[in-house]
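Participant: Take a look at what TrEMBL says about it:
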type	residues	note
TRANSMEM	21-44	transmembrane segment
TRANSMEM	56-82	transmembrane segment
TRANSMEM	103-126	transmembrane segment
TRANSMEM	153-174	transmembrane segment
TRANSMEM	186-206	transmembrane segment
TRANSMEM	233-257	transmembrane segment
Amino acid sequence: MGRQKQISEKLAATFRIRRALLQQALAECLGTLILVMFGCGAVAQTLLSSGTQCTFLTINFAFGLAVTLGVATSGQVSGGHLNPAVTFTLRLLGREPWKKFPLFFVFQSLGAFLGAVVVFGMYFGIRFLLRPSQLANATAGIFATYPAKHLTLINGFFDQIIGTAALILCILAIVEEHSRPVPPGLQAFTVLVVGLSMGYNAGYAVNPARDLGPRLFTAFAGWGLEVFTANTYWFLVPTCAPFLGAVVGVLVYQLMIGCHRAEVKEMSKEEEERLRLATLEDS
């Protein structure tokens, strides 16, 4: 037993990463892998079984619960962003340094890529390449999002901006200190509600890494570059629009709640300081 413990500790010391930023990036990678593995796994079950094993509702529940598990896995190390739009939001609010944003984006996308690899491996026995020329309805949609037939590129941008703004707005309301004791797990509920109410148009990516990583995988796995050129280069919408949505979400939250709460916080701090001084004087 002692020998096994020594070997275990030696291996841990060998592979241990000292740089905190890289530790956080790896945590984001694992958290996003979990998100995509469970979320896209539910999509795969639904599509490949022609809806007999899952439904649209179960897909949304799967993504919501996957967010919960991903945040639980990486939250204590990196904060559990799992989404470059969330990292970008925290940067806009001055809560994270700029150097984190590109690094987290890369590792979140890598985690999403690896999550897609896991799903592909699980269902490898089933033919994925059914109708590669009809990507919106074919199996490439298991991994990345594609627009419904009625959706234009401009409408798609608005769809992603509004969806991401709603997501960011609710997340900020949940994680802010003055919102306590709101349960932190409500992030999953937010993802569920966004999916149930805004998923019809284009699958509610609202997460550049969740879409880009699996899309890159499908390009390598046999679907080809059509995953990028389809629907007038649709991939640019879920990759870029969520960042605009993050800006909108931050602005709305700050204008309606955040700015005013900052003043209340300052007043409560002053009150606490007065109380402390009064206590010292009495003693």
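Don't overthink the numbers, they just go from 1 along the chain as shown.
Any Cβ shown, glycine's included, is placed from N, Cα and C.
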Participant: Check the transmembrane segment (186-206) against the transmembrane segment (21-44) for contact, please; criterion is three or more CB pairs under 8 Å, pairs 6 or more apart in sequence.
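Facilitator: These two stretches do not touch.
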Participant: State the non-local partners of the transmembrane segment (21-44) in its own chain: residues 6+ outside its ends, Cβ under 8 Å from one of its Cβ atoms.
Facilitator: 54, 58-59, 61-63, 65-67, 69-71, 73-75, 77-83, 99-100, 103-104, 106-112, 114-116, 118-119, 122-123, 141-143, 209-210, 213-214
